[in-house]
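As structure tokens, the structure follows; a few thoughts come after it.
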Amino acid sequence: MDLKQIAGEYAATFVKDGMKIGLGTGSTAYWTIQKLGQRVKEGLSIQAVPTSKETEALAQQLNIPLISLNDVQSLDLTIDGADEIDSNLQLIKGGGGALLREKIVASSSKELIIIVDESKVVTRLGTFPLPIEIIPFAWKQTESKIQSLGCQTTLRLKNNETFITDNNNMIIDCIFPNHIPTPSDLHKRLKMITGVVETGLFVNMTSKAIIGTKNGIQEL
């Protein structure tokens, strides 16, 4: 079985009857959602908030009841993937382009469980390009200010056209030559740039990490 599938399906066991949950986006969260769809079919009663249009479509296909985050005060649990995770449970997310909604849903949850395969575990964040969601207006000005923090930037494309997020924004992917020694500081500096909507740095948000390894499940 695929390591992502092992981690994703295991994470679904943390969802209990009556919970309001956040559904992540990406290839690992896909397996959690599939497993939850199976459990709903077997009688599990939950309500879910999707973190992307892609996840919303999958949940509807599996008959998982969906709600709006506007209609609840908080969620019991969110299960989502990550592009990188370190030993302090700091993350880079946004490889799939859903980082803003993922962060809103995660920050509205009492608990955030991150599911990854062992290839995503790193000693220091930053080998994977850091996604930054920006507004389209004057985007080159915003990109220039991001570059002034010492990174190489690339405007994200899809099918040779500018990638547009579910929120009608753009994404700049950033590589920092010396990785990211202090993610919380970098996040704050990026958020101070006018035009930056959100960063893919998730700091002090993760409750638990479930890692699919060749030797089975590992929890951090």
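Including glycine, each Cβ sits where the backbone N, Cα and C put it.
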*To which of Lys53, Lys120, Lys140, Lys145 does Swiss-Prot also attribute binding of substrate at the site defined by Thr25, Gly26, Ser27, Thr28, Asp80, Gly81, Ala82, Asp83, Lys93, Gly94, Gly95, Gly96?*
Lys120
*If you draw a 10 Å sphere on the Cβ of Ser27 (substrate binding site), how many other Cβ atoms land inside?*
14
*Under a criterion of Cβ-Cβ distance under 8 Å and sequence separation of at least 6, what residues of the same chain contact Thr25 (substrate binding site)?*
Pro50, Thr51, Ser52, Glu54, Thr55, Asp80, Gly81, Gly96, Ala98, Arg101, Glu102
*Look up Ser27 (substrate binding site) in the DSSP assignment and report helix, strand or coil.*
coil
*Lys93, Lys120 as binding-site residues, winner by CB count within 10 A*: Lys93
*Chain-mates of Thr25, Gly26, Ser27, Thr28, Asp80, Gly81, Ala82, Asp83, Lys93, Gly94, Gly95, Gly96, Lys120 with C-beta within 8 Å of site centroid, substrate*: Gly24, Ala29, Val116
*Cβ neighbours within the same chain of Ala82 (substrate binding site) - under 8 Å, at least six residues apart*: Leu91, Ile92, Lys93, Ile114, Val116, Lys120, Phe202
